[in-house]
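Colleague: What follows is a single structure, and I will ask about it in a moment.
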Amino acid sequence: MGKGGFYISKAVGVVAILLGAAAVATIIALSVVYAEEKSKNEVKPTEAPTTAAPTSAAPSNEPWDKYRLPDTLMPEYYNITLWPRLQRNESGIFIFTGKSFVVFKCLQATNLILIHSNKLNYTKFDEHHATLTGIDDPNPPTINTTWLKLETQFLVIQLKGNLLHGKSYRLDTEFVGELADDLGGFYRSEYSEDNVTKVVATTQMQPTDARKAFPCFDEPAMKAVFHITLIHDNETKALSNGKEIDTKNIEGNLLSTTFEPTERMSTYLLAFIVSDYDSIEQQDDVLVTIRIWARKKAIADGHGEYALNITGPILQFFQKYYNASYPLSKSDQIALPDFNAGAMENWGLITYRETALLYDPQVSSNGNKERIATVISHELAHMWFGNLVTMKWWNDLWLNEGFASYVEYLGADHAEPTWNIKDLIVLGDVYRVFAIDALASSHPLSSREDEINKPEQISELFDAISYSKVSSLFVFDICCINITYLNHFAYNNTVYTDLWDHLQTAADTSGVELLHPVRDIMDRWVLQMGFPVVTINTATGTVSQKHFLLDPDSVVTRPSEFNYQWYVPIKWMKTGIEQEKVYWLQQKEDKNDNMSVNGNDWLLANLDVTGYYRVNYDNDNWERLLAKLTENHTEIPVINRGQILDDSFNLARAKIVSTTLALRTTKYLYNETEYIPWQVAINNLDYFILMFDRTEVYGPLQAYLGKQIKPLWDHFTQITDNWTKVPDNHMDQYNEVNAIKIACSTGFKDCQDLVKYWYTQWMQNPNDNPIHPNLRSTVYCSAIAEGGDKEWNFGWEMFQNASIASEAEKLRAALACTKYPWLLNRYLEYTLVPKIIRKQDATSTIIYIANNVVGQPLAWDFVRARWDDIFSQYGGGSFSFSNLINGVTKRFSTAFELRQLEQFKKDNAGTGLGSGTQAVDQSIERTKANMKWVAENKASVLQWFTTESG
């Protein structure tokens, strides 16, 4: 699955910060629970009949009261026929009907069949929910009783005799489900085209919603072959994982489309879609059919062309990288108006949000284009790593997502080699995960299997740890594992130790010398949470490591068999000369005489941030690095200029170095024009804004930022010919946005006049937008922040009329930038009205509002007051609950706010916090750390900014 459910542009994200907004993490949108129907024909979960086992106050040990399937049965293949209705029935709801059977083998004799089922209403056969026949057992047992276990989402079938070991059986069912707008399982998405509302029937199975579409053994290791048939109106098209092999007319206005059997695969990778979409297609060099599907107008306007043009080259790159052919005959990619994630790697039919697949050069920014390239690359990487070879259970989710997050940059770099996009892995992944993994409430990459059982526990795993941490841990060339690992486990499942074994084989075969076995090295990074700070004393050559905690007073309660020590690879340079040999720190403290320096020499470790750790130095070396930045910053690699900034600020928060030392690293920015250092500085100064934008520190802070940004503003004024041209370089285009947003937010009259002029021009002629797509997020936000209800209402009208999803996204974010509380409160109310704000965008909109210093208390009050509604309407298993809680509490830094947060946890102990449980604990931990940091640093920070802004 893609890393983010919505894309917050670099422009709006930081403009909102500098206008008094919190930093926004990428968020996965809401997954909505089943809405109860209102008539006798409604599709309802069936209550357990009186034949169900009696309940007891003591914990039950019955198999149906556990969340995991027993290891007695294994599916071999399914045959599924589904008919989604794209019009409401007489009861006013959308439904689908289905028939399915599964052939399974008995691995251990048993008289019980458990198969997952959720929110399906069954046709009864002799008072039973299913029928059972034998394939190679002529005398199969008869059914004794059946019922639905709602809590654990099982269809329970108790038999009068045993299924026989080694024999195969067939289980048939007929059922009805609601084609709800809940973004999970088999659901509906709606959009308007030519003033006509159209409906798409589509799917999102990951992680545990295939059971909402048909009864199935819904665990990753329960791989099977799927035979899919879809019944649909003849003016629509049907898609699934395999190629269409037959379409025929049946009764009335209906078609029946059958697809080729899938490869052996997990249920969460299934997809089936019915729509009236159009497509464009081409074949790559190995005759794989590539198709891009979208709304007819989007295809006609050419918005799928970019995705089509880069898919073939990325597929070919991965075939070479993995040294393995693409496993399927076609690659369909489809853009959906309503989708709960950024994208989903369904094998052969990848689903996307429109913003992650469709590109319009007249409207889309360079950031939109980059997102499309990286998301496509991420999903295509899964076709091998994740789909062909799949983790056995969700505790090893990182095997799928972490690797895809790493190689997405490689595939995108192949498609767009001039972007130097691989340099952005540090910003996009490393620093992203550092923020979470430095908390005492973090978690290891790989949890114990028995710790992850419930759907909401599975959903909690879809976080930055699973997606981004691995990107920094692959210190080996992973492409060398493909021949052994992918081929050995093709169409099967693995645990993480299988990867280490094959990495070891690859290292041994290629003659790579390792200080320790791969398993010994990597287990320290995978089985224990967090990461080290490496401290180098350049006076003595002493090198040491310590578990890095953002709050040094926090207590780590999770034990580690490795005592929170790691094997740390250190690439380093001395006075501008890169040292050839990687140094491995293998213990808590060591000595390396080569790392001692004197005079004007300086040392820099973790070159290009290829290692997953932070670096601290003795004070003299810090001073030499600061002097070098001032004298000639280009002698330090650009990624490491960003690293010096990021490490120093985070070390200061952890009380390892002084806060003023961290602030001093920003002084050289007066002469910096590169994007990465500026973006790192903005990200870190955001924390100061979060902590101080309601205090007397904020004025001097803004004045200092304005002083530092002036040369960058002048630089881009010159190279863009007074803002009339677009910089050629991809990174320069990003930094141009930084120059505008910081200049405007800190009160540059030239900037504010320019933004106001552009926005006013647009208001006067709404059909001719003069603002370049790269700058729109920044300009919209700045203009709405400085304007009143007239500017807001115009932005709202443009949002409602936007036909391009990326443009609507920019406007939706910018509308949260207003300083008027009544507008923000009204906007908050809109988030729970799906006809106004799509369900997929609800939580991200609330977070956008919370970014605004004016909107943050409003958003927090709204979440608390409406929590029961949010929880019941959107479901506790949603990925986005954790992001919502983190998003509205990031600014918390007072005892009053801490009490509110603790009371919120207490008040919802009964109904629960679902997948947000861990986020509440993290927010409490973060708030306590913020309180201490503010108390200890406010006075010195105020003095420093006051002095330096003069």
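Even glycines carry a Cβ here, placed using N, Cα and C.
Curation does not apply to TrEMBL; its annotations are automatic.
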Colleague: Would you please say which range out of 41-61, 125-145, 188-208, 230-250 has the annotation region 'Disordered' in TrEMBL?
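Modeller: Feature region 'Disordered' in TrEMBL: residues 41-61.
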Colleague: If I take the alpha carbons of E401 (Zn(2+) binding site) and E379 (active site, proton acceptor), what is the distance between them in whole Å?
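Modeller: A Cα-Cα distance of 10 Å.
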Colleague: Measure the Cβ-based neighbour count of H378 (Zn(2+) binding site), defined as the other Cβ atoms within 10 Å of its Cβ.
Modeller: 28
Colleague: Roughly where does the domain 'ERAP1-like C-terminal' (602-928) sit in mean pLDDT, to the nearest integer?
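Modeller: Result for the domain 'ERAP1-like C-terminal' (602-928): average pLDDT 93.
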